[in-house]
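Notes follow once the structure below has been shown.
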């Protein structure tokens, strides 16, 4: 039963690769039949679990309620999408976002649920570091706007360079990953080599300091919550 449940969960999640818009598109009839099959298996697994569990205990378990609601939402969305498709009305399969619920809430997914709970408990504790990082990013973006915005610089494509604040925030956010380095600083560097100090300072503060601090906080808090859960303090 565990292997079959995992297989159909994997099959259900894989449908996103074949549904429109798809990487490898398949006819709607094929994907819809596969999804209905998966939902029937999930409902059968839930019914089987209900047979060996006390009724009051079964309905008090939020995991079972989540699975049942996800099945109903998926069937409703599938039927609605099929009817609209018959009348050539373009729509979106919004129920795809509920598919990971099956992966998390089945009884066989206890370890995944524990890891997910650790991540959920870690998020509030890393918020302060994230907000501090965003404050640094916004301040550096404001400095870049004041330094370069009034000098009428242009990129290699002839576009305005660092004149829109939101575009500056996005470019510097990408620079944290060094994906656009050194291209992002070349117009300023060509104007004056001293402007390279601004980008060097940005990379040191945000990439090497904040990202290391962020990683350390995430790791330590996740490890702490994981020890609590596997130590038996947190229940399933």
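From the backbone N, Cα and C atoms, a Cβ is placed for every residue, glycine too.
Check TrEMBL against the ranges 147-164, 165-182 and you find transmembrane segment recorded for 165-182. Feature transmembrane segment, per TrEMBL, maps to range 65-84 of the set 45-64, 65-84. With a cut-off of 8 Å between Cβ atoms, the residues of this chain six or more beyond the transmembrane segment (165-182) that come close are 137-138, 140-142, 144-145, 189, 199, 202-203, 206-207, 210-211.
Taking Cβ pairs closer than 8 Å, the transmembrane segment (194-219) reaches residues 122, 125-126, 129-130, 132-133, 136-137, 140, 143-144, 147-148, 172, 175-178, 181-182, 184-185, 188 in its own chain, all 6 or more past its ends.
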